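**Q** Sharing a structure with you now.
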Amino acid sequence: MGFRTLDDVDVTGKRVLVRVDFNVPMSQGKVCDETRLKRHKETLLELQKRGAKLILLSHCGRPKGQGEPEFSLRPVVRVLEKIINQPVAFAPDCVGVAAQTAIEALQNGGLLLLENVRFHPGEEKNDCSFAEALAHNGDLYVNDAFSVSHRAHASVEGITHLLPSYAGRSLQCELQALEKGLDNPKRPVVALVGGAKVSSKLFVLNHLVEKVDYLVIGGGMANSFLAAQGVHIGKSLCEHALMQTIKKVIEKAQEYQCTLLLPVDAVVGFRFEKGAPHRLYDIGDIPDDGMILDIGTRSIAHINEVIDKAATLVWNGPLGVFEMSPFDQGTIAVARHAAECSLTGKCVSIAGGGDTVFALNHAGVANDFTYLSTAGGAFLEWMEGKVLPGIFALRQA
């Protein structure tokens, strides 16, 4: 994979700085979702068992380079202790005397969580002096957070120039899964891309048509593709300014022999609200006052037929307005079929992005996919074919 892992280092008695992603949703000082915390369990327990002194680095929220209580990592401590069944100490800063004092008290196998690295402006600026202050507290560095590896920040990229650097198990596992998705996949490869706007995923689409055999477009994005082909879409969400750009994507798909699939029917609502009056229409018959809010039954069947052909499936973005019933049914139906194909070994299935994870959980199949990435921006940038600064830095370390 081009970088060193925990298999390549003796950590006994070493101060190991571990970059984790504890950027979790909180409400009134309580953690609302433990998913990201659980992703690091294997790495932390392995290092603890091997006698390392673990010093955890993370950000939380966007505190604008200064301490803000609502973004403190302190509430994470109790939840993390429950997950790993080990005591976790907390330091009220990530550098300086407070951090150093807490680190000096660590025993072999001890765990310490430092306060939010974004409480310092040097973190997001990738400031050399801040990276040096972080590195001063460790003997080696482990990146276990793919979800932040698209950021050229001090605790992700800068620090790798100052300490021997390694990939943690979570990062290693994620990269191995993603490699199976687009870098070295089994074919045919099917990509499902949904969501509201083409503009947010234009680079993704342009990259995917070069890589995959079938590209399925759903969600609000599909409306813009349909409009670009002259289809009347009523009052549906559409990015009319992108018509020429979308036509170029369609032409590129033809050039690379990538089969593009768009909805052939749709569930059309007449108000944008839960339980709004709705009807099923063929794509050529969308009424003037209607809004396409979900894919229809024939579209579901077509997509499922394509998934049946897949050896590799990559999914990002819901296929309808999944947060509003009954316009979640298309996403649910396709998700359950994809999960069944994955469980029976017909395909390797990889899904990622915040809305995608939420939608698959909503469908009750999140655990049935081969790999589910909790990364948002990093997953999208990987789908765009970009080099992620945190991963590149590990390969150079």
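Sequential numbering from 1, following the chain as shown.
Positions of Cβ are set from backbone N, Cα and C atoms, glycine also.
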**Q** Taking LYS186, LYS201, LYS211 as the options, which does Swiss-Prot list with GLU323, GLY353, GLY354, ASP355, THR356 at the ATP site?
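**A** Only hit among LYS186, LYS201, LYS211 in Swiss-Prot's ATP site, alongside GLU323, GLY353, GLY354, ASP355, THR356: LYS201.
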**Q** Looking at substrate binding as recorded in Swiss-Prot, which candidate out of ARG4, ARG151, ARG169, ARG187 goes with ASP21, PHE22, ASN23, ARG36, HIS59, CYS60, GLY61, ARG62, ARG118?
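**A** The candidate from ARG4, ARG151, ARG169, ARG187 that Swiss-Prot ties to substrate along with ASP21, PHE22, ASN23, ARG36, HIS59, CYS60, GLY61, ARG62, ARG118 is ARG151.
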**Q** Do you know offhand how many angstrom separate THR356 (ATP binding site) and ASN23 (substrate binding site) by C-alpha?
**A** 18
**Q** Just checking a number: largest C-alpha distance across ASP21, PHE22, ASN23, ARG36, HIS59, CYS60, GLY61, ARG62, ARG118, ARG151 for the substrate site, rounded to a whole Å.
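**A** With ASP21, PHE22, ASN23, ARG36, HIS59, CYS60, GLY61, ARG62, ARG118, ARG151 as the binding residues for substrate, the largest Cα distance is 18 Å.
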**Q** Which residue among the binding-site residues ASN23, THR356 has the fewest other Cβ atoms within 10 Å of its Cβ, if you could check?
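**A** Across ASN23, THR356, these binding-site residues, the one with fewest Cβ atoms within 10 Å is ASN23.
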**Q** For ASP355 (ATP binding site), list the number of other Cβ atoms lying within 10 Å of its Cβ atom.
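**A** That number is 18.
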**Q** How many whole Å apart are the CA atoms of GLY354 (ATP binding site) and ARG118 (substrate binding site)?
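**A** About 22 Å separates the two Cα atoms.
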**Q** Looking only at GLY61, GLY353, the binding-site residues on record, which one has the least crowded Cβ, with the fewest other Cβ atoms within 10 Å?
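**A** Each of the binding-site residues GLY61, GLY353 was scored; lowest Cβ tally within 10 Å is GLY61.
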